[in-house]
Amino acid sequence: MNIGIAAPKWDKLSPREFLQLQELASYSTRKLQDVLREFSSPSAASTPKCIPDGDIDFDGFRRFLDAFLDCEAPLDLAKHLFVSFLKPNVTQAQLHGRALNQMAAISSTAACAPVTSHTKGSIPNINSIAELMPQCSGGGGGIGGTGGVAGAEGHAQARSSFVDKIHGITDKLHHSLGGHLSHDPSKTGSVHPMLTVTPSPLASGPSMFQASNPARRSVDSSPSHSATNHSQMSRNSSKKSSNSVNCKIDADIKLLARKLSHFDPLTLKVPLKDVVCYLSLLEAGRPEDKLEFMFRLYDTDSNGVLDTAEMDAIVNQMMAVAEYLGWDVSELRPILQEMMVEIDYDADGTVSLDEWQRGGMTTIPLLVLLGVDSTTLKEDGIHVWRLKHFSKPAYCNLCLNMLVGLGKKGLCCVLCKYTVHERCVQHAPASCITTYVKSKKPKCGGDLLHHWVEGNCYGRCSKCRKRIKAYHGITGLTCRWCHMMLHNRCASSVKKECTLGEYSELIVPPTAICPAVLDRQRSVNQAHKKSQMHHHQATHFQITPPDELSCPLLVFVNPKSGGRQGDRILRKFQYMLNPRQVYDLSKGGPKEGLTLFKDLPRFRVICCGGDGTVGWVLEAMDSIELASQPAIGVIPLGTGNDLARCLRWGGGYEGENIPKLMDKFRRASTVMLDRWSIEVTNTPHSDDMRPKVTLHSNMQKVIELSQSVVVDKSLMERFEEIQRQSKQVATSMGTAASSTSIMMASKTETEMETMATMEFGSSTTTTNRTTTTKSISMSTFETQCLQQTLRTAMSSSSSNTSSGSPCNGNQDAETEVDSHAAAAADVREKSVPRRSGETEKQSLETLLLQHKQQMQQQQQQQQQGVTSLAVEEAATATPVGSNQSDNSSQRNKQNNILKQQITLSLDLSDHEDEPKDDGGGAGDGTKSNGNSIPATPATPITPTTPNAASSVLQQQQQQHLQFEQQQKPIKVQSDKDCTVPYNIINNYFSVGVDAAICVKFHLEREKNPHKFNSRMKNKLWYFEYATSETFAASCKNLHESIEIVCDGVALDLANGPHLQGVALLNIPYTHGGSNLWGEHLSQKRIRKSAGPFGKSKKLRAGDKEFSATSFNSVDLSVAIQDFGDRLIEVIGLENCLHMGQVRTGLRASGRRLAQCSEVIIKTKKTFPMQIDGEPWMQMPCTIKVTHKNQVPMLMAPRSEKGRGFFNLLCS
C-alpha cells in the first residue's frame, strides 16, 4: 500500500536546520522561563495570552520562537520545526464514524512525533487525516458509539477488501485505542508502572488536534521492539473497551493522495509545553535547573509528582533532540527505559521532584543530552563527557568492544580521552586526571606521575619506535601529561615520573597548584563576591612557581568570536595543558585566570579571539596588580584580526595543529605596543543657534512666496464691489453721531491691530530677505504700502477723535479705516503661504461676507442713532456735554494704547537681527503647527469694553512667549544615547565613512546574528554595506564640520580632495587587512635599487606625498609607521572607493595627514565613530587622544617556507 503518492506540502526539520537552530539558541541571551512567563502573563499587550498547558497555532509558535531566539527566525526553519511537533492524537470528541476507519487505514505509516528515526513519511498521513475530518464531522458517532455500527452492513464488502489490504491493522488499532483511552496511570498491571514505552504512533510526540484527555501519552519505541512493547502496553491497561469499531470506507484509498495538496499544517496547533521542553534542551544552563523546569512544566495538575504519561511526554522530546544530536537511538532507548524503571525509588507509580532530579543526574547520557557543559571543571577524577564521532575505529575502555554507529558513536572525556559506550558510561570509573594537590607537602613526594589511558593509540611507540596496532582491540598506552605512546610491553621500561613532555615549560603541573590559605581565600571571596554569585566553585587556588625557567601559558578563549571556532580550540588546549590554565571568557571573563596567575614572575597570555577579545583582556590586566607584565599572544578567531596580522599570527585560524602553535609561542619574541587614551567631551549647543539656510529650503521659500501673492480674479472683483458699497454707505451717513463714529473707528482699529500683529511676523520675514523673483518683490512692496497706510490711518483717526469734530471728519476717517482694514485683510491673505487653493478661496470669501454683513449692520445702527441723538440733544444740556468730554478723553487714552500697540508691531517687523518665524497661521483661524501664530478672535475687542487694552496686551505677551519658545536651542542628547565603548585605543580610531559602514554592519548583526557566523560571510556583508555607502555618501564634505589639531598645529582639510573620513592608526592594518598608511613607492624603489654594494637613490618629485600642511617640516612620504614609537598616524579617506583601492593595492595608501603624539578633534554635527571595530553615533563633541602606556606583545617568528639556498644569496 502506497498512499504517499503526492509530495507533502511541508517538510520536517532537517539536520542542517537543527544545527542552525542550535546556533541561534547559542546566540540568544533570553531565558526560556522568562519568555514563557511573558507569553503566559495577561499583562502582555503585544501578544495574546498563552496557557502553558494549551496549544498554540503557527503564528503563536513563531512569536514564541522569535522571542526565545531574540531574533527573527528564518521562515522555513520555523515552518519545519512546527511540523515536527504535529501528531495524529485521536480523541473521542473529534473522531466520528468513518474518520476513525480511514485514520486506522493510514496508521500503519503514521508516526508524527518530533522527528525520530521511525517517524519519517508521517506528514502525508496527517494531511490525509486532517483532510477527512471535515467530511466526517457530521455523520456517525464517536469511538465505540452506535453510529459506526449502524452503517456497517451496507459496506461489508468494502470493509472486507480493505482489511485484507492492510492485514488487520484496523482491529489492532481499535484494540490499542480501546485499552489505552480507558487507561488509568495510577492503576497498572503486574509490569512496573513507569515502564510504558509503546510503539503506538497515535500517542507519540505533540498532538495535532486539541486533546480531551491530555494524560494519554506514550513514547515512540524502536521498530525492533514493536511486538513486545505492543503486548506490554495492552497488559498495562486495567480495562478494555467493550465496544467494537466498524470500518466504513466509501472512497478508494487512492483518493487520499489527491487530497494532500489541499491540506495546510499551519492551520493546526501544537502543545506549547512540548515546544518549551524541546527548546529547553537547546538552552544553555545547569542540568539540575533544566530537570526542575521540565518537571514544573509537565506537572499539569500541580500535585508535585509526575505520572507515566507526563514522564513519557518529557522523554519523547529528549528522543527527538537526541537523534538530531547524532545519538544512536537504539543505544539511548534502553538507557532511558532503565532510568524510568529505576527512577521510581519508592515504587508508588509516581515520580517526585527529588526522584526525577536524582535519576536524571545519575544518567550520564541524559546529562549530556541536557546540555551539560563540557568545559566546566569538576572535582578531580570526574570525567567531562562529550558526545563524539570517531573517524578511526575506536574501542570502549570499559567493555573493550568496538564503538559502532553511523553518527556519533560514543562518549569521550575531554580531559583524558577515556572512551565508552552510552550504555557503559553509567559504570565508568572516576579515573580522570588530577589538576591540583590538596597540600603543599605531598605524602608521596613532589614528583608528578604518568597518567596512562589504555587503547585508541594511533602512532609509533616512543620506546621501540614501532607502530602500535590499535585496530585489533584495546592495546597501547598514552600518558595524558607528556602524551607519550607505548606498547603495553614497553611500559615497564619507562620511569614512573612524568616530565610533562616537550612543552614542559608551558604547562603548570598539578603539584604546583594547591588551595589558597584561609586568609587569602577570605580576601578573594570578599573581592569577587559579586562575580562568584553564579559560580558554584567555592575553592580558590594559588600557584607556586614550578621552575625558574618555566613560563606557563594562560589561555583565554572567546567561543563567540567571528569564526565560531572557540569551542574546538578550548577542548584542545584543555587536553594539551593543565585544564586550570584554560578559561572560557563567556563564563566570568578573564579576571579569575589573571587572579590565579598574578603572583607568577613569568607567564604568557594567549588570547583566542578577535581584536575585541585582546582589548578585553588588556582592560582586565589594568585593574589587577600583577607581579610582572605578561606578554600577550593572539590566535585570530575574529573577523578582522588586524592586530594578529601586525604580529604575524595571520588573518585567521586555519586549523593549525595546537602543538605547532605552542612551539611558536615558545619561540616568539616580545615587542611593545602603544596604547592611547581617548577623552570625549560633548559640545554644548550655543544659545543663538540659527537654522542653516540650504539651497533646498531657499527654493522652497521662493515657491511659497510666489504662490502667496496669487489671488483669484473673481474674488478681487467682489472685494472691489464691496469696497465701493462701503464708501457709498459712509458718504450717505454724513449726519452720524460723533460717538457712533468713534466707536466704529475704534472697532476697525482693533481689527487692524489684530491683523497686523498676526501677519506682520511672516510678511516682514520676506522683507528682510533678498528678493530674487517677481513674487518676492510684490510681497515686499505690498508690505511697505500696508505699513505706511496703517500709520496714516492711525494718525488721522487719532486727530479726528481728539478734535471732537462733527460728522465729516469722522466719516472720512471711518471710510479710510474701512478701506485700510480691507487692504490689510487682502494682504493678510496674500502673505500667508497657501496650503491649498480651496482653503484660501473659502477663507477669503468668508472674510468678505463678514465685512459686508458688518457694513449693513453699521448702516442700520447709524440710522437709529441719528433719531436717538436728536432726542437726546433736545432733552439734555450742560451735564451731558461734560459726560461726553469725559468719555472722549477716556476713548483718547484707549486709542493711544492701540496706536502704540500697532506701532510696536510695525517696529518689530523692521528689526532684521531678531529671529523670525517663517511659518504663518492658517487662513481659517486654526492653529496649524507649533510655529503658527494664534488667529484673530471671533469677537473683536472694541475700546469701549473695559478690558480691551489688557486683552490686547495679553495677546502681545503670548506672541512674544511663542517667539521665545520657538528660538530655544535643541535639547542636548543624553550621554546614554551616545556612549563611547572604550576609553583606550589599541588599534585605530576613525570618524566618517568607514565608521558609517561599521554601524550598519553591527546593527544588522545584532538583529540577525545567524547571518554572521563565519569570517567569509562577515566580509561579504561588509562589502555590501560599503557599496551602499558609496552611493549614499552620508559623510561627504567632512572638512566643513570637523577640525583636527595635531601637536598644536591645525590641519587644513579643505586643501586637496574633499574627505569623507579620518582615521587615527596605531597599527598598520585596519578593516581586515588594509594598510591605510601604506608603504610608499619611493621606499619600494629604494629597497629594490639598493644592492649589496649600491647606494640609495634620491627621491623624485613625483614620489613625495605631501600632507595638507607642512606638518612640523616632517616629510610624511618617507615616514615609517611603528606601533611602538609613541606616535599615532592620521590619515584621510576620500570615499569608500578609496578604501577599496588601498585594500586591493590599486593605490598605495590613504591621504597622509600627520604623525604626532597628541590629537584634538572637534566636530560640529553628529558623526559615526568607531574604536577598534566598535561603532557608535557621536553628537558634536571634542575628542582628545593622548599616549597612555605600552604593553608587551608576542611577535610570531617568521615563516620558514621562504628559506633556501637561492633566497639566502638574494637576501
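The backbone N, Cα and C atoms fix where each Cβ goes, and this holds for glycine too.
The zinc finger annotation in Swiss-Prot falls on one of the ranges 49-98, 449-498, 1099-1148, 1149-1198, namely 449-498.
Ranges compared are 854-873, 874-893, and Swiss-Prot records region 'Disordered' for 874-893. Neighbour counts of Cβ atoms within 10 Å were compared for the binding-site residues ASP301, ASP344, ASP348, and the top value is held by ASP344.
A 10 Å cutoff on Cβ-Cβ distances gives GLU355 (Ca(2+) 2 binding site) a total of 19 other Cβ atoms nearby, all chains included. Cβ crowding, taken as the number of other Cβ atoms within 10 Å, peaks at THR350 among the binding-site residues ASN303, THR350. Note: the Cα of ASN303 (Ca(2+) 1 binding site) and the Cα of ASP344 (Ca(2+) 2 binding site) are spaced 16 Å from each other. The most densely surrounded of the binding-site residues ASP299, GLU310, ASP346 is GLU310 (count of other Cβ atoms within 10 A of its Cβ). Other than ASP344, ASP346, ASP348, THR350, GLU355, the residues of this chain whose Cβ falls within 8 Å of the Cβ centroid of the Ca(2+) 2 site are, in sequence order, VAL305, ILE343, TYR345, ALA347, GLY349, VAL351, SER352. Between the C-alpha atoms of ASP348 (Ca(2+) 2 binding site) and GLU310 (Ca(2+) 1 binding site), the distance comes to 15 Å. Each of TYR298, THR300, SER302, GLY304, VAL305, LEU306, ASP307 belongs to the same chain as ASP299, ASP301, ASN303, GLU310, is absent from that list, and has a C-beta within 8 angstroms of the C-beta centroid marking the Ca(2+) 1 site. Here the C-alpha separation of ASP301 (Ca(2+) 1 binding site) and ASP344 (Ca(2+) 2 binding site) works out to 19 Å.
Within the model, the domain 'DAGKc' (548-682) carries an average pLDDT of 91.
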